[in-house]
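Down below is the structure, laid out as C-alpha cells.
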Amino acid sequence: MTKKTQVGLIFGGNSSEYEVSIVSCRNIYKAIDKEKFDVHPIWITNEGYFANEEESFKVLEDPSYQVKNPHKVHNISNLIELENLPEIDVFFPIVHGNLGEDGVLQGLFRLMNKPFVGDDVLAAAVTMDKEFTKILAQRVGVPVADWITIKRFEYDDKNNDKLDYEKVAEKLGRDMFVKPSNQGSSVGVSHVTNADEYAAALKEAFKYDDKVLVEETVPGTEVETAVLGNDKPIVAGVGQITNAKGSFYSYKNKYDDNSTSKLQIPADLPQEIIDTVRRNARKVYEVTECSGMARIDSMLTPGGKVVLTEVNALPGFTNISMYPKLFEEAGVPYTELITRLIEVGMERFDHKKTLLHKHD
C-alpha cells in the first residue's frame, strides 16, 4: 500500500481575511483526495495562537469556536515542536492577507526546509504589494491604472498635497479608488468622487496599512483568469464579473452568498479580448516570479483595453471563488486541482534541493 502524503493545512491567522480563510480551508478539506493525502488542519487563531488538531477540526465545523488550549508561538522551534503535530510532508497554507500570503509564512516553511503549496517568498511579498505589482507589470508592457502612493509619514503631514482631493484629481480624475497597498479581498477599499469621501477613504485605508494607493477609476467590466504551475504554467480561461450599478467587487460582494455581483464563466467576450487577458496574465505571472498558483484580475474598458488591477497569489477557495471555478471550466475539477497544486509545490521544493547553497 502506497504511503499517503501528510498535508498540513494551515488556516485562520491574525488577518482581516480570517473568516474567508476558514471557509476556504473547509472546502479544501472536503475536496482533497483522501486516498492520496492525510490532512492535518492547523488553525491559527485571530490572536496568533496555534491550536491542536482536535480544536482545528472543531473550528472548521463551527467558525465561532474559541480555542481552549492555545499554543503561543514565540519562535520557530515552538512551531516545529507543536504538540501532536505529525511529520508533515507538505504544507498547504490557506491563510489569506497579512502574514499569510505576503511571504512571511512562506519564509517560515523555507526555514523549516519543507515544501509548500503556492508562491514562494519573493512572489508572495511582491504580489501582496499593489504598487510593486504595478511597477513590474509596466516593465513587461501590461497596462495598469494610473496612481499615486501615500506613505504614513505623508498622511501625518496634513499640508501634503497628496491629501488635497482637488490636486490629486488634477492627475487622476475626480473618480478614484483608495486602497491599502498590502491587503486583499478589497479590504479597506473605497470608491470616492468628492473631497469628503476622499478624506474618509484615506482614514479607512490607513487603518490597514502604512502605504495607501490612490488610483484613477478604470470604467468597464472586471475580468479574471487563473494560473497554475511553475516554469510552464497553465493559464485557464477567463471569467467576467458583473456588478450592480454603482457598486464594485467589494469584500461583501466577493464572499456574501447574497452578493449583487454575478460571475460569468466562461466570459462572453471576443476571442481577441480573451487572448489578451490570458497573455497579460502569463506575462505578469512570470515577471513577478509566481509559482504554484495565482489569480490575475483586470478591468476591461468599453474601448477594449485590458488594465491589470491585482495579482492574488493566494486566491479564495470558497463556494463562489473564481479560481477553482475557472479551472473546473477548463476541465480540472476541484479535487484534481488541489492534487496538482500540492504536486507543483513539491516539484519546486525538489528542484531547490538540487541548488548549491555554499561554495566548495
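Glycine is no exception: its Cβ is also placed from the backbone N, Cα and C atoms.
As recorded in Swiss-Prot:
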type    : residues       : note
BINDING : 169-224        : ATP binding site
BINDING : ASP297, GLU310 : Mg(2+) 1 binding site
BINDING : GLU310, ASN312 : Mg(2+) 2 binding site
DOMAIN  : 134-343        : domain 'ATP-grasp'
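Mapped onto three states, the DSSP output places VAL218 (ATP binding site) in coil. MET176 (ATP binding site): 27 other CB atoms within 10 A of its CB, across all protein chains. DSSP classifies GLU204 (ATP binding site) as helix under the three-state reduction.
Cβ neighbours within 10 Å of GLU197 (ATP binding site), excluding its own Cβ and spanning all shown chains: 15. You'll find the Cα of GLU204 (ATP binding site) roughly 22 Å from the Cα of ASN312 (Mg(2+) 2 binding site). Note on proximity: among ASP297, GLU310, ASN312, the binding-site residues of the record, the Cα nearest LYS211 (ATP binding site) is that of GLU310.
ALA169 (ATP binding site) has GLU310 as its nearest neighbour among the binding-site residues ASP297, GLU310, ASN312, going by CA to CA distance. Mapped onto three states, the DSSP output places GLN183 (ATP binding site) in coil. Sequence-distant neighbours of VAL218 (ATP binding site): residues of the same chain at least 6 apart with a C-beta under 8 Å from its C-beta are ALA145, MET299, THR301, VAL307, THR309. Of all the binding-site residues in the record (MET176, GLN183, SER190, GLU197), the one with the smallest CA separation from GLU310 (Mg(2+) 1 binding site) is GLN183. A straight line from the CA of MET176 (ATP binding site) to the CA of ASN312 (Mg(2+) 2 binding site) spans 21 Å.
Long-range Cβ neighbours of ASP297 (Mg(2+) 1 binding site) (same chain, at least 6 residues apart, Cβ-Cβ under 8 Å): GLU222, VAL223, GLU224, LEU308, THR309, GLU310, VAL311, ASN312. The Cβ neighbour count for ALA169 (ATP binding site), using a 10 Å radius and every protein chain shown, is 19. Within the same chain, residues at least 6 positions away in sequence whose Cβ sits under 8 Å from that of GLN183 (ATP binding site) are SER16, GLY97, ASN98, VAL189, TYR208, ASP209.
Cβ environment of SER190 (ATP binding site): PHE177, VAL178, LYS179, GLU197, ALA200, ALA201, GLU204, ALA205 lie under 8 Å away, each six or more residues apart in the same chain.
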